[in-house]
């Protein structure tokens, strides 16, 4: 029976894991977290999936308490700028498409919608709320989306009943610090020391980690949260890493923390802006913006990328320190080997174009608890865990490649190369089908990876991948109910914009 878990590495991945295991198992499992005091954390301004709400709810944490501690803000979706033409943009929100007479509103927009209004504005409330910089909550704390039940308590991704209408922006280092306080208060043993050697038994399983000051720290299960270096999963156990560089070549990023001159300009969305050799994120925190340029060093040098980033978001601010990051893009073929599970960057990472970093961590932790060993180490459970994690990451990879294949620009060598680069087989089939109709549940990746049908539809239409004609069935149906729903969306948008506070106004009220 598993009695003790040793987590090697802190940061967001380590402390999310420690907190979740304590929330799940309480004192029935001993948890130790070992982290070096000398490791520089990669954490920058972090954007998340809406599913992260389930993580904080599972821990019993109040958003009004933890979010201000972490310089947090709200995220209603992602705004994609300049992926087609300069000045053009669209939103990829968390809001699901409404359905009328068996067809979603995107199908109806293609058939009878007013093309003078963009797809995202016509079909989503979120588009106009983002434009107006509105918070997703009233000043009394009530949620604008009445169909979402906030009383679910300890629910997981698998139990979610409705898409939660927002996610968060936050300072990843502050979240790690906050969760460390939570975990330590609940009995997690915290060891600040350098791991000098990893011990293995005669089977090759990890027996303990040997530290500089605290000697050997033994355990039954070891969780590798050591980042891209993969101290346990790769360096010790020899896990094979599968690179995605053939389809996702971006391998570096440079980040800046930029003070925001006007507080009221705080936006409730992440921005992904196409650049000459990649794209730039803008993540609004409470008092500043996090900006970063994700690029391929095949097309631009780190120095050139930093200059392009500075000239775009902080001209004349040479005093702002740049953080250069080298990224390992891909996944381990197995993220659970013997008695070691990799979580976070040590397991898998893709460029943060759709804010999947925290989502990967959360999904890995939840699946670890669901597949937790009992009296014996069941190889069927371990295999099932590895299969689920691989399918999740591969599904996200496919979705990200869509962004580049669909982008309507070829103005630099980088973007020209994106058109000719290889793509996953599954994506090729989806793009073939997209020429005749919008994708549906049967054509989306069959395993859960976080991106549902509406996400694929939104990216296709936003990037200009439009079917040659609407669904023929709609030409034989009464369009009146759909036209009434378009009008209802417009009216509800007007009412919400009038009623909701600005993003900054609401967040200032809970500081």
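Every residue gets a Cβ built from N, Cα and C, even glycine.
As the structure is a computational prediction, the values presented were derived from the model and not from experiment.
What Swiss-Prot annotates here:
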ACT_SITE  75  active site
BINDING   10, 13, 36, 39, 42, 44, 47, 195, 345, 358  FAD binding site
BINDING   50, 93, 160, 163, 450, 454  L-tryptophan binding site
BINDING   356, 357  chloride binding site
SITE      354  site 'Important for activity'
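Measuring Cα to Cα from residue 354 (site 'Important for activity'), the recorded positions that fall within 10 Å are 47, out of 47, 50, 75. Ranking the binding-site residues 36, 50, 356 by how many other Cβ atoms lie within 10 angstroms of each Cβ puts 36 at the bottom. Of the recorded residues, residue 454 (L-tryptophan binding site) and residue 356 (chloride binding site) place their C-alpha atoms 17 Å from one another.
For residue 357 (chloride binding site), the number of other Cβ atoms no farther than 10 Å from its own Cβ, over all displayed protein chains, is 24.
Using CA atoms as reference points, the binding-site residues 50, 356, 357 were checked against residue 36 (FAD binding site), and the closest is 357. In sequence order, 75 are the recorded positions from 10, 47, 75, 356, 357 with a C-alpha within 10 Å of the C-alpha of residue 93 (L-tryptophan binding site). Residue 75 (active site) is 8 Å away from residue 47 (FAD binding site) when you measure Cα to Cα.
A Cα-Cα distance of 11 Å separates residue 356 (chloride binding site) from residue 345 (FAD binding site).
Comparing Cα positions, residue 357 (chloride binding site) lies closest to 345 out of the recorded positions 10, 50, 75, 345. Here the CA atom of residue 10 (FAD binding site) lies 25 Å from the CA atom of residue 75 (active site).
Cα spacing between residue 50 (L-tryptophan binding site) and residue 345 (FAD binding site): 20 Å, rounded to the nearest whole number.
Within the set of binding-site residues (10, 93), the lowest number of other Cβ atoms found within 10 Å of a Cβ is recorded at 10. Ranked by Cβ neighbours within 10 A across all protein chains shown, the binding-site residues 47, 345 are led by 47. In this structure, residue 50 (L-tryptophan binding site) belongs to neither helix nor strand by DSSP; it is coil. Listed recorded positions: 75, 354, 454; maximum Cβ neighbour count within 10 Å falls on 75.
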